[in-house]
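J.: Below: one structure in structure tokens.
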Amino acid sequence: MYHYNDFDAAFVAERNRQFRAQVERRIDGSLTEDEFKPLRLMNGLYLQLHAYMLRVAIPYGSLDAAKLRQLAYLAERFDKGYGHFTTRTNIQYNWPTLSDVPDMLDALAEVEMHAIQTSGNTIRNVTSDHFAGAAADEIEDPRPVAELIRQWSTDHPEFQFLPRKFKIAVIASDTDRAVMKSHDVGLRIVERDGERGFEVWIGGGMGRTPMVAKRLRDFLPRADLLPYLEAILATYNRIGRRDNKYKARVKITVHENGLDEIRAQVEDEFPRRRAVFGGEDQALLAEITGAFAPPAFKTSDPAPYFAARDADPVFRAWSDTNVTPHRAPGYGSVTISLKAHGATPGDASADQMRLVADLGETYGHNDIRATHAQNLVLPHVPLADIPAVHAALKTLGLATGNIGLASDIIACPGMDYCALATARSIPVAQGIATRLEELKIEHEVGHLQIKISGCINACGHHHVGHIGILGLDRAGVENYQITLGGDPSETTAIGTRTGPGFAYDEIVPAIERLIFAYLGLRQSEEETFLEAFNRIGMAPFKAALYDAEARAYAAE
Amino acid sequence: MSRDFTPKVITANALIEGDVIYFTADNAWTRHLCEAEVLTDEADADLRLLQAQAQPHLTVGVYLADVAPGATGPEPTHFREDFRRKGPSNLFHGKQADGLAHVQARAGD
């Protein structure tokens, strides 16, 4: 875990002091809302449907017990006792008052956290693999590079007023657990001829014009990372469209100019940028890398883990889905589901956060992660301790064994909270998960990712859901479009629309029909929903969705 | 041909709490839609909107929202305004909880 140096601490304290004064001036009338709005957004403060919302960055999803306990304290002291983990591995507080926010930011600074650049047309929170440092298939821990990018991009004077927001993800394995190709820039750490560097992807994104990122560079030497990123950002800053908000993301810049032209302009800019980097960044990266040194893994006998699996079918089922193999022998990574059937995806109460903090501290080398799929992870737990972790999780409703299954749904806040939303998402997720639990079929169904967005901006990643659901306002009524065949993994794909949308009270039965259709169509239990869809195409799923509906009408 | 003017209320979010508020006939702000002033004349609505916007130290984002007359006062015509009046549907927070306290306080009067 990286710890703030004096510079980081002084910078955050100064920003907090400035924002406190800005809030005071807004309240005493010296600043109008038009003047204040960009200032509050720079500090992660939105005004939503029912209240202000403070979005706090969790850089590359990494937490420790002290940080998570402080997030719990904020939830209890300044909110309604809970927080909401998002698809950008941020945490959102839904109910703060304007006058409390400066105190919240000071409380965050105590544990080296902030809300800077969680909004606005800036470089947003850098995301990474939630199993970083633990995954068996990674070539190195990608978080030091993510931290370097965080430091470089925070308050970077040239990139505070980009045409639009800019999101970066860093991974270090073939398997993509961070939706890397749906980012404005995606970086994959690779090795070529014994040298480490980056594969650079550009122009991925969701929103109203979903695009899969394109490969800008096959291999970027390690030391060239920041100047190359500067060349990309400078090019985008210069030619990105500012005349139309919907065409302002870099994916459109790449699409309209063509990848070759973008590459030519970036490569043209690169030498000028490279010349001013004298190696300080690499010295800093070396220092940062030291802070992410792997914990001292213990050798312990995993027998209790296997004994618990044999003795307790509930534990066995949970560990089948929620425990992932670890690179260190005798260890596992535990994913803690924030998707109990019927609960709000991504919500955690203060008590739940404190329990996870305790477990991370006691059993998990004090390392905790937030995932883009709105769950929490204890990346390093000795297998022998996992039964105790599971028993503790059960006490606060955190032992749902559904990671990667159909009820492990990503859902944006939707119109229950968000001012931009066109329909609700949370109750749809609750409805689907509750129905799956009634039917007791999700283990039979297997791996299935359902993702729900409450508007075209696609915070709920619906475009890359195996089943995607998009909530819209059709003539003053909530209406839900379905897409199929999206894929958030390294074989990224954008889903295809099935046809007309469904009303609020029809969407859960429609998803149920899709799931039963899949069970009837799959070749074997091993063939996943996505594999079945890719093999047989849209037609039978469409028939399940719409023919059944037609039959129901005919029967009336 | 201009469309008929549909009844409206003036609504915003409160500056400090951020919650939904409505403009009343006596130039104050209320947390309850049923207490809002209903505007049925377009010219009057435009004028009242300007008057409501003249209190930027209390409000953010003042606008006109469609309503329909109901038994206990104006009712929202769009589901977004209905959620703003009530609060989120996943948790009993916001107006629905505050409103309960409001009704209980009134009953105690």
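Note: Cβ is positioned from N, Cα and C throughout, glycine not excepted.
Okay, these came from TrEMBL:
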type: DOMAIN; residues: A:52-111; note: domain 'Nitrite/Sulfite reductase ferredoxin-like'
type: DOMAIN; residues: A:119-272; note: domain 'Nitrite/sulphite reductase 4Fe-4S'
type: DOMAIN; residues: A:342-394; note: domain 'Nitrite/Sulfite reductase ferredoxin-like'
type: DOMAIN; residues: A:409-545; note: domain 'Nitrite/sulphite reductase 4Fe-4S'
J.: Could you name the stretch, out of A:52-111, A:119-272, A:342-394, with the greatest number of CB pairs under 8 A to the domain 'Nitrite/sulphite reductase 4Fe-4S' (A:409-545)?
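T.: Top-ranked stretch among A:52-111, A:119-272, A:342-394: A:119-272.
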J.: What mean pLDDT score does the domain 'Nitrite/Sulfite reductase ferredoxin-like' (A:52-111) have in the model?
T.: 98
J.: DSSP says what for the domain 'Nitrite/sulphite reductase 4Fe-4S' (A:409-545): how many helix, strand, coil residues?
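T.: Across the domain 'Nitrite/sulphite reductase 4Fe-4S' (A:409-545), the residues distribute as 57 helix, 28 strand, 52 coil.
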J.: Count the residues of the domain 'Nitrite/Sulfite reductase ferredoxin-like' (A:52-111) that DSSP assigns to helix (H, G, I), to strand (E, B) and to coil, and report the three numbers in that order.
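T.: The composition, in the requested order, is 30 helix, 16 strand, 14 coil.
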J.: Provide the three-state DSSP residue tally for the domain 'Nitrite/Sulfite reductase ferredoxin-like' (A:342-394): helix first, then strand, then coil.
T.: 26 helix, 13 strand, 14 coil
